[in-house]
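As recorded in TrEMBL, the features of this protein are as follows:
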type	residues	note
TRANSMEM	20-37	transmembrane segment
TRANSMEM	70-94	transmembrane segment
TRANSMEM	100-123	transmembrane segment
TRANSMEM	144-163	transmembrane segment
TRANSMEM	183-201	transmembrane segment
TRANSMEM	213-234	transmembrane segment
TRANSMEM	254-270	transmembrane segment
TRANSMEM	307-328	transmembrane segment
TRANSMEM	348-370	transmembrane segment
TRANSMEM	391-413	transmembrane segment
TRANSMEM	419-439	transmembrane segment
Amino acid sequence: MNNIWDSLNANFSWFNDVIYTWILIPLLIGAGLYFTVRSKGLQFRLFRKMFKVIGRSREKEKGQISSFQAFAIGLAARVGTGNIAGVAVAITLGGAGAVFWMWVVAILGMATAFIEAALAQLFKVPWRDGTFRGGPAYYIWKGLGSWGWGAAFAVALLFTYGIAFELVQSNTISNTLYDAYNFPTWATGLVVTVLTGLVILGGLKSVARVTEIVAPAMALVYIAISLAVIATHLDHIIPVFTEIFESAFGINEAFAGTAGGFTAALMNGVKRGLYSNEAGMGSAPNAASTATTIHPARQALIQSMGVFVDTMLVCSATAFIILTSGIYVPGQDVEGATLTTSAAVSALGGWLEPVMIILVFVFCFSSLIGNYAYAEVNMDYLFPGKKSADVVLRVIVVAATFIGAIAKLGLVWTLADTSMFFMAVINLVAIILLGKWAFGVLRDFESTDGEGAFVAVENQYLPGEIPDTIWTKETAGQEH
């Protein structure tokens, strides 16, 4: 039986390598370039405006989800083990140059994130609990008139984020505690399952309240650790930057004959960057749509900033922990969180090991509940008005959390990659086709220097009218 599972895993892994390398990565980068050019580099022009918008983003009506809470949900799901382990793997397989390509992907991804978040806000619908629902499934349905393609996206996301990624995150927590303290995996599973159940029992609002505190805090603590590591190795900063830029184009590896080279740096940097910041994958817009705001572009700018925080700050923190500590040796056989933890401990001392383990726990737990938020939005798309569907989803997520803690998940992770590919392709095609709507939202926003309220009805910047839109003249200026 093990041979069968191993064979399936190997075949799907090969398939994933092909479709990611030749379809998804070019499509994601191409979309990022297209949106950057069409928006005249919004991620550069409006970078300062992003901070201003985030400063106002805690405002909300009672019972609703604020823009900052929606940002925190997206950040919680984005910032996970990929930021600790994924960056380490990228450096191990692609050399220091992989970091450069992660930065490139993030910069382009900021434009893509704006487009998909703007569409999520523009086509969102009111929900029975006073919040909103939206995201790729909804803008495919409302914008392109295809409920079926929206459903296909929703199913792919439910498997990826509602089951597979929940299994993987709890598995990472249990394995980390077992390796460090020989803590029984079943006991870890029980604790994490109970904690997850308590949070998601309250639905999206409960997830928003928890992530609003946890997500920014964990990112700040991790960045502080990286700054401490850098401070103890200030003489390494210039050599590290030099290594990153030279390795990005395979200069060092070509002469040294070590792992890396241009292709390895490019592919690993791009893959890990996309996994981490999720720009264009169609996941974060599900959180963006739930926020209350007076203009879709406000939340879109906040989500664009989420990509910057995830990759340019948190992923860069991991990279500098590894590269400035001096523990990384090109070609060494050490991967994942082990390399990151070893580098941090080497720089600051053994006291940091339990702190890093706690961070892994918090990163994974926040991703668990952030992923649930994505899944709930899409379950509601498939079964609107049925509270029982959300109950079923919560049971599935709780079960997946416990099973993941005690199981081996090689094939599940591989299948999740396959499912995420189809999810991302559906979303990317949709946002390219609907891009003119998002560009209209951007022009409307800039016409008032970001201070005006948005009205979709008879809007000169939009390519048409939106049936049953919530963005009417009667509601202009209200948070919705």
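Sequential numbering from 1, following the chain as shown.
Every residue gets a Cβ built from N, Cα and C, even glycine.
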For the transmembrane segment (391-413), could you work out the same-chain residues 6 or more beyond its ends whose Cβ comes under 8 Å from its Cβ atoms? 5-6, 8-9, 12, 158, 162-164, 166-171, 173-174, 185-186, 188-190, 192-193, 196-197, 200-201, 368, 372, 375-376, 379
Cβ contacts the transmembrane segment (183-201)/the transmembrane segment (348-370), at least three under 8 Å, sequence gap 6 or more: yes
Would you say the transmembrane segment (307-328) and the transmembrane segment (20-37) are in contact under the rule of three or more C-beta pairs closer than 8 Å, pairs 6 or more apart in sequence? no
Which of 100-123, 213-234, 307-328, 419-439 contacts the transmembrane segment (144-163) most, counting Cβ pairs under 8 Å: 419-439
